[in-house]
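J.: Per TrEMBL, the feature domain 'Lsr2 dimerization' maps to 1-57. What TrEMBL records for 71-105 is domain 'Lsr2 DNA-binding'. The feature region 'Disordered' is assigned by TrEMBL to 84-106.
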Amino acid sequence: MAQKTQIILVDDIDQSAASQTVTFGLDGVTYEIDLNDEHAAALRESIEEWSSKARRVSGRRNVRRRGASPAAETQKIREWARSQGMEVSDRGRIPAPIREAYNQAH
């Protein structure tokens, strides 16, 4: 019997389909929120109002998002997931359960 696992990223604001996970921090606490493109742009715009006037104390300008993998590794995970009957998008974040299943298998 074939099994198909589908992970759908849901926008934490309005429960629509999310396209990305945004990481941000305040008062020493790091947060993650799943958002669609419109909500992600709105969050970045509102934070820009404050961060443009603030002093940078750490980090690099082009920080890679946490959890991002090199393209070759990501492609291997996607190919493996599809060969296992899992549905995974061509672009964007690979859901954690799929990544965990891949890591257990390898």
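The backbone N, Cα and C atoms fix where each Cβ goes, glycine too.
Unlike curated records, TrEMBL annotations are generated automatically.
For each feature listed, report its degree of burial, its nearest neighbours and the pertinent distances within the displayed model.
T.: Each residue in the domain 'Lsr2 dimerization' (1-57) has a pLDDT score, and their mean in this model is 92.
Within the same chain, residues 2-7, 9, 19-21 sit at least 6 positions outside the domain 'Lsr2 DNA-binding' (71-105) and bring their C-beta atoms closer than 8 Å to a C-beta of that stretch.
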J.: Using DSSP, how many residues in the region 'Disordered' (84-106) fall into helix, strand and coil?
T.: 10 helix, 1 strand, 12 coil
J.: By DSSP, how many residues in the domain 'Lsr2 dimerization' (1-57) are helix, how many strand, and how many coil?
T.: 15 helix, 17 strand, 25 coil
